[in-house]
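Engineer: What follows is a single structure, and I will ask about it in a moment.
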């Protein structure tokens, strides 16, 4: 059999799930993506984009060099397509291009990864947000138009999240009004920037600024690394590819070394800080502005990881109603795998988690845009709160999506291990977010230190940031109110656990200071308690945001009663699951009896059964096109086994009836063994 025919019909097990759903998936689509108009536009764009794509398995069987070439080809084609649509439907806007170069649509268009991602997300944004109008005219317009391709070169071989430890230098030369850039050690080489390896010809080079050998802090410099015509590295530039990774191997991550490389004074981004021709340094009014580009990326990480978890949940949900296995009662037919309660526990909570993070990340992105507008008015008041939320949501969402995707993969048995399932690729991309744009443990510690300051402000009676206001409420009422088990009670239990953990961390930290430890040593020794408090703060934000969206959200009046009930069931599941996940933390600070815990266990089992008939409709409402899911297990038609077989037949080893290695290695080996046995 050299070919396999995919049925034109939907698998009957999947069809009956859709028929028996209690609500219209279009309602979920509008809720999940924001509003119906966005869904309509998404469908229209996808219909146009996906009609001529390469087979996504092509890059899986390609050599490393071929994969890099395919990735650039796909990125260029995607850019052209999305630009054309943007100009047609809304000239000058950005909702199609560059926005859709990332996320699910970008993944479908560029299955090996996007080598232009950092150019679009950080390089162009940094030029606009950190450069002067003159610098934007010189570099930014060309970058926006893709006349030049850049990246953001910050992380070094020996330093990542700890920016103050960066070893790259920029020394100012007054005589020539130039900066002399150097990576003086092997560990100071830039390492990891997406697109830097072979794609980019420019970068923003992040380095320690020195004037008269006096450090002035981290600054950003526009640096050309390759000739615009020949693409050859310029003199003084050592640039290349860092090698194969767990995933995203088309992204073309690179290294960069500079030796006595000179750039004009005007190549330092000077919107917020300046170096004058005479060497006078004018400091930024707000130091946090230097990391504002990273705040945006952390917002995008939270959104994209929520969507990847939703994609994995869609794949595994569809597979779980097509796959039949293991009779529940002896002598009965094999049921759909999703009839097993243990499978429901693997799959349905991840659906709820994906929705919770999609909502939280959407609100974070809204807050980012509001803060960016405020910064343009020289109002920096919300920047610390945005920084804290971006850190915690990036960490929580990347951790939960990574582990959630792996749990879902295991829910598919052996088939989930196949590349054709695409769960491995989703895992590889998701887990990368745990370390880029701030390693998660370090970001937890940053948020933990912020919570320490919050607790100090509580003790002094100061007004807190809106998303931290619950600290004051819990402190003013130290005894937990009577346990009721309601959703509000469950959210409040998480709040008390977080405030209690923060109070304990503060007490431990203060005791260490009293014992004579320096502040940095005391922080290090309190690290476990700080990260626990930070983790709980993330849980509070996601859970309380989910609660508000479902119970008091602006679109509640537009929802059908059936869909509202589904959302309430999802909220119930998420809150109870989070409660059990942090039961030990909650019991330290909240009095909950064994009977009350047992009641929640019963509710958990009941809500899984309530959601079971609607899970296909819910994941259909996520609106992921088959080209996005790219999964033999998760296609809309549910023809799993035919698609698995089709994918297997595409493997290069199946192109020949006898592989080359048989005659070269295997046959001589077997013949040699046969001859020896006759002696």
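Heads up, residue numbers simply count up from 1 along the chain you see.
Including glycine, each Cβ sits where the backbone N, Cα and C put it.
Below are the features listed in TrEMBL for this protein:
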type     : residues : note
ACT_SITE : 437      : active site, proton acceptor
BINDING  : 155, 194 : FAD binding site
DOMAIN   : 24-149   : domain 'Acyl-coenzyme A oxidase N-terminal'
DOMAIN   : 291-452  : domain 'Acyl-CoA oxidase C-alpha1'
DOMAIN   : 487-671  : domain 'Acyl-CoA oxidase C-terminal'
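How buried are the listed features, and what sits near them?
Structural biologist: Long-range Cβ contacts of residue 437 (active site, proton acceptor) within its own chain (separation 6+, distance under 8 Å): 294, 297, 298, 301, 394.
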Engineer: Within 10 Å of the Cβ of residue 194 (FAD binding site), how many other Cβ atoms can be counted across all chains shown?
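Structural biologist: So the number of other Cβ atoms within 10 Å of residue 194 (FAD binding site) is 25.
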Engineer: Starting from the Cβ of residue 155 (FAD binding site), draw a 10 Å sphere and report how many other Cβ atoms land inside it.
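Structural biologist: By my count, 20.
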Engineer: Please list the DSSP helix, strand and coil residue counts for the domain 'Acyl-coenzyme A oxidase N-terminal' (24-149).
Structural biologist: 91 helix, 0 strand, 35 coil
